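Undergrad: Sending over a structure as structure tokens; questions will come in a sec.
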Amino acid sequence: MAPQLDSFFKQVDTLADSFIDRLRKAVAIPSVSADEERRPDVVRMGEFLASELKALGASVELRPLGPQPHKEHLELPPVVIARYGDSPSKRTILVYGHYDVQPALLEDGWATEPFKLTVDDKGRMYGRGSTDDKGPVLGWLNAIEAHQKARVELPVNLLMCFEGMEEYGSEGLDDFIEREARKGGFFEAADAVCISDNYWLGTEKPCLTYGLRGCNYYSIEIRGPAQDLHSGVFGGTAHEPMTDLVRVMASLVEPDGTILIEGIKEMVAPLTEQEKALYGDIAFTMDNLYESLGSTTGIYDDKEKTLMGRWRYPSLSLHGIEGAFSAPGAKTVIPAKVTGKFSIRTVPDMDPKAVDEAVFKHIDKVFASLKSKNTCKASLQHAGKWWVASPSHWNFTAAGKAVEHVWGVKPDLTREGGSIPVTLTFEQATGKNVLLLPMGSSTDAAHSVNEKLDRKNYVEGIKLLGAYLHYVAEEPMKG
Ligand SMILES: C[C@H](N)C(=O)N[C@@H](Cc1c[nH]cn1)C(=O)O
Ligand SMILES: [Zn+2]
Ligand SMILES: [Zn+2]
């Protein structure tokens with residue numbers, strides 16, 4: 001395998017600039033799934049991927065998912081599914097990624113245009129989607145191209161599934177995966193699944209990830225007057241939706257992160273001595289946290305508690321208020337209707353439905369205690385369950401060998417604080433092992449301003465994805 005991998009690696013280095021160009025084209029498409037106006041761009045991004053895959057000789061389909069739930073006037077973007085290689089003597093690996101991105105505006109505080117890939121003198125490639133998840137998705141395409149140009153045969157059959165709604169709760173995808181994993185479906189032949197859509201814990205050490213938190217995302221709508229009001233004329237005469245909302249939102253969580261909703265704490269699996277012992281060995285320091293925070297405002301002073309806070313305990317984050325005055329200046333308005341957004345990252349053994357019940361009961365109780373004449377309606381926007389797998393499977397063994405080959409170190413086994421809702425669906429529907437194999441580092445600022453992917457992580461990451469396919473082809477089949 002070594003000479004083949006060497007030729008492949010050499011081609012990746014030779015083609016690195018053209019791979020960066022491919023990422024530049026992808027970042028230039030503002031495929032923001034949460035923004036209705038951007039839906040044509042999300043579709044265009046799916047079409048871009050499909051045409052790149054076709055040019056590489058893959059057989060590709062754009063599968064429609066139908067109208068978007070609760071927004072029936074909008075079509076969901078298509079799932080791009082592709083097959084590269086169909087040899088019965090080879091193992092089949094199913095890879096998943098997403099081609100949609102989080103919203104991004106220059107005025108949010110970006111130092112460069114968010115949808116223009118900008119590479120600085122340290123090789124940091126800034127742009128929305130660079131690390132989440134366009135870089136890793138293109139990593140698979142680049143690995144195919146470098147194999148072709150190096151005249152090295154891909155040692156596995158590759159099935160690809162790239163969706164355009166991950167950042168909006170993967171609407172419509174669960175049913176699609178369940179259908180296609182059945183007999184005769186597109187995913188039936190998969191022997192294992194690999195997802196590259198999370199991040200290293202720090203900036204130096206690669207990792208393999210075997211767990212994710214889930215995410216229940218809620219909104220609280222409070223309305224009263226028929227339209228926005230002058231606060232001088234009406235302040236002191238009417239119940240104000242914003243005043244109610246900040247009280248309700250503040251009742252959800254303490255400044256130290258403690259969730260104040262009754263019953264949530266009791267749903268969390270107790271920490272065992274065996275699990276506790278795992279955290280000490282993980283290559284992570286408080287400085288890693290401070291570097292990625294860009295500040296020293298961590299809740300805990302020690303590494304173990306910080307890792308547990310990210311991986312194995314739930315968290316509740318307040319995200320924003322739609323309808324509130326947020327522009328610069330001093331507008332003296334009373335907003336008539338405001339919608340607060342928050343989410344809860346869930347962990348074993350939390351049942352998403354039981355979390356909903358506890359949340360709605362809490363909000364009703366707190367709102368009632370305000371004795372406001374406004375109306376309050378809380379709803380779930382989307383939910384995805386947590387996932388924890390066994391990292392002792394051959395899929396992980398192969399990935400570990402590939403990491404050692406490319407990066408020269410044994411990877412850490414980590415869990416992830418973020419969520420990829422379909423991971424559990426892939427595991428349950430295919431009955432196969434799922435591995436998370438991250439490309440980007442902890443300082444990439446996914447979802448934030450100035451998202452980036454380092455050139456080194458991209459180029460070595462492409463080598464890693466290719467090397468993984470070689471090692472996975474060689475692992476003895478044990479399950
Ligand atoms: C980890 C992954 N790259 C990611 O960013 N996932 C999102 C998924 C999500 C859930 N609700 C909305 N988006 C995340 O963890 O926020
Ligand atoms: Zn994301
Ligand atoms: Zn992602």
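Backbone N, Cα and C atoms are what each Cβ position is placed from, and that goes for glycine too.
Remember, predicted model here, so these are calculated numbers, not experimental data.
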Undergrad: Starting from the Mn(2+) 1 binding annotation in TrEMBL that includes Glu167, His447, which of Asp132, Asp197, Asp412 is the extra site residue?
TA: Asp132
Undergrad: TrEMBL has Asp132, Asp197 binding Mn(2+) 2. Which one of His98, His147, His230 is in the same site?
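TA: Looking at His98, His147, His230, the one TrEMBL places in the Mn(2+) 2 site next to Asp132, Asp197 is His98.
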Undergrad: Among the recorded positions His98, Asp100, Asp132, Glu166, Thr332, Ser419, whose Cα is within 10 A of the Cα of His447 (Mn(2+) 1 binding site)?
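TA: If one measures from the Cα of His447 (Mn(2+) 1 binding site), the recorded positions that come within 10 Å are Asp132.
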Undergrad: Nearest to Asp132 (Mn(2+) 2 binding site) by Cα, among Asp100, Thr332, Ser419 (recorded positions)?
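TA: Checked the recorded positions Asp100, Thr332, Ser419; minimum Cα distance to Asp132 (Mn(2+) 2 binding site) goes to Asp100.
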Undergrad: Across all protein chains in the structure, which of the binding-site residues His98, His447 has the highest Cβ count within 10 Å?
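TA: Buried the deepest by this measure is His98.
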Undergrad: Distance check, please: Cα of Ser419 (substrate binding site) against Cα of Glu166 (active site, proton acceptor), rounded to an integer number of angstrom.
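TA: Checking the Cα atoms of Ser419 (substrate binding site) and Glu166 (active site, proton acceptor) gives a distance of 10 Å.
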Undergrad: When you rank His98, Asp100, Glu166, Glu167, Asp197 by Cα distance to His230 (substrate binding site), which of the recorded positions ends up on top as the closest?
TA: Glu167
Undergrad: So which recorded positions out of Asp100, Asp132, Glu167, Asp197, Arg345 are up against ligand 3, CB under 6 A?
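TA: The qualifying recorded positions are Asp132, Asp197.
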